[in-house]
Structure formats: C-alpha cells, structure tokens
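This report concerns only the one structure given below.
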Amino acid sequence: MLVALPALDDNYIWLYGRENCPVIVIDIAETEKLFAYLAERELQVEAVLLTHYHDDHTAGVASFKRAYPQVPVFGPPETREKGAEHIVAAGNIRLPHYDIQVIESGGHTANHVSYLTEDHLFCGDTLFSAGCGRVFTGDYAQMFQSLQRLKSLPPETLICPAHEYTLSNLGFAESLSDPAIVRQEVLQQRFTEVRALRAENLPSLPTSLGLEMQINPFLRAKDIKEFTRLRQAKDNF
Ligand SMILES: [Zn+2]
C-alpha cells in the first residue's frame with residue numbers, strides 16, 4: 001500500500017507497506033490523522049523516516065514516539081533535535097521487511113535526504129511534481145547536484161513528494177516557452193488530469209520520474225546556471 005495522508009495545509013504524510021507487513025512512515029507533520037489511520041486499519045509501524053528538520057515534517061515526531069516508543073526514527077543529522085535517534089547519510093537502512101536506500105539530496109536544507117525502496121522515492125521537499133524545493137539552508141549547486149542524482153533513477157520510479165504543490169508548479173512550468181525546458185503538450189495533459197484530481201480533493205501524487213523528465217523544468221535544466229535562473233524565477237512567480 002502507498003498512502004498520502006493529507007496533513008496541515010498542503011503536506012502529505014506518506015505510508016508505504018507490502019501486504020501483511022508493518023508499514024514505514026515518511027515525515028510526520030502531525031499525528032491526529034495518522035493515529036486514526038493506523039488504528040482504523042490495525043497497522044503496525046516498522047520505522048519512521050525523516051527527510052529534513054522543518055517543522056511541517058517533524059512536528060508530530062515527539063507525540064508519535066510517546067505513542068509508539070518501540071518504533072525507530074531515522075533521519076539526517078539536522079533532525080536529531082526533532083527526535084531522530086538513528087542518524088543516516090548516503091547508504092542503506094536494512095529493516096526486517098524493507099531495504100531502504102538513503103540518497104543525499106541537500107539544497108532545500110543542507111542535510112536533506114531522500115529514501116528509495118522498491119521503486120518508491122520519498123523525496124520530501126527536494127523534488128515535487130513539475131517543481132522542486134526552495135533553496136533555504138543548502139545552496140543552488142547542492143540542489144542541482146541532488147536533482148541530478150534523483151534523475152539517474154529508473155523512469156518508472158514513483159516520486160512521492162511531501163507537498164501538494166502540483167497545480168502551482170504546473171502554472172509556472174506553463175509560463176516557460178522553451179521546449180527544451182518543458183514539453184508543453186505533455187504538461188497540458190498533466191494539467192487536465194491534476195485539475196480533475198484536485199477538484200475531488202484527491203492527491204496529484206505520486207508521479208513518475210518518466211513523466212517528470214518531460215514536464216519538470218528543474219529536472220530539464222541543463223546546467224547549474226539555468227537551474228538557478230529558473231529557481232529564482234519561481235521564487236518570484
Ligand atoms: Zn521543508
């Protein structure tokens with residue numbers, strides 16, 4: 001199962017699990033809906049994975065740990081104070097039911113990481129559908145490198161970002177006329193599909209890397225100069 005639980009204004013708490021296995025939970029913005037969801041379906045949690053330290057990804061960790069003290073919480077160094085007790089960097093996490101690859105994806109924050117398991121990429125605020133995260137405590141070169149790393153994954157990889165920003169990102173991508181930066185006909189199809197999903201209050205996610213390679217200007221930027229120009233233009237869009 002793959003579930004995007006809406007949280008706060010536009011965050012998602014992701015749950016992933018194979019049938020009859022405990023689930024993993026990625027980022028915990030808040031716990032009310034999460035606890036209700038887990039209880040209703042009698043789900044066990046094998047681990048919590050944090051992508052970065054921002055409150056809208058970690059504010060629920062303390063209350064989660066009180067309710068589920070036996071569940072390990074993994075995260076990069078910047079999440080230690082938010083409750084991660086297993087500090088990760090590039091490499092692998094081996095859990096009883098899941099093998100998870102940790103991919104460094106700094107830029108939005110300096111230590112941001114993404115998690116890859118069974119062709120599902122949980123990329124926090126690094127990569128969004130048709131967009132990417134703002135550069136805060138990392139820098140542009142780091143963000144560009146991170147996107148190059150994520151881009152090298154197989155096209156069928158399912159991308160599970162932490163925010164529902166797709167419509168606004170598509171609006172920005174639509175405003176770019178350079179065909180090298182956006183395939184407009186593919187983008188228009190995606191726009192139609194996402195408008196219909198959002199009209200029913202359904203998530204526009206996950207997306208696939210193959211689709212993003214056609215509509216995401218930040219993945220299609222050819223060098224760091226172009227990437228920085230696009231990211232700054234989006235900041236002011
Ligand atoms: Zn963030």
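A Cβ is built for glycine as well, from the same backbone N, Cα and C atoms used for every other residue.
According to TrEMBL, the features are:
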- 10-163: domain 'Metallo-beta-lactamase' (DOMAIN)
- His52, His54, His108, Asp125: Zn(2+) 1 binding site (BINDING)
- Asp56, His57, Asp125, His163: Zn(2+) 2 binding site (BINDING)
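By the rule that a residue counts when its Cβ sits under 6 Å from some atom of ligand 1, the binding-site residues His54, Asp125, His163 yield His54, Asp125. Within the same chain, residues at least six positions away from His52 (Zn(2+) 1 binding site) with a Cβ under 8 Å of its Cβ are Gly75, Pro76, Glu78, Thr79, His108, Thr109, Asn111, His112, Val113, Gly124, Asp125. Local packing around the Cβ, expressed as the count of other Cβ atoms within 10 angstroms, is greatest for His57 among the binding-site residues His54, His57, His108, His163. Secondary structure from DSSP puts His163 (Zn(2+) 2 binding site) in a beta strand.
Those same-chain residues not listed among His52, His54, His108, Asp125 yet with C-beta within 8 angstroms of the centroid of the Zn(2+) 1 site C-beta atoms are Thr51, Tyr53, His57, Thr109, His112, Gly124, Thr126, Gly133, Phe136, Ala162. Under the three-state DSSP scheme, His54 (Zn(2+) 1 binding site) falls in the coil class.
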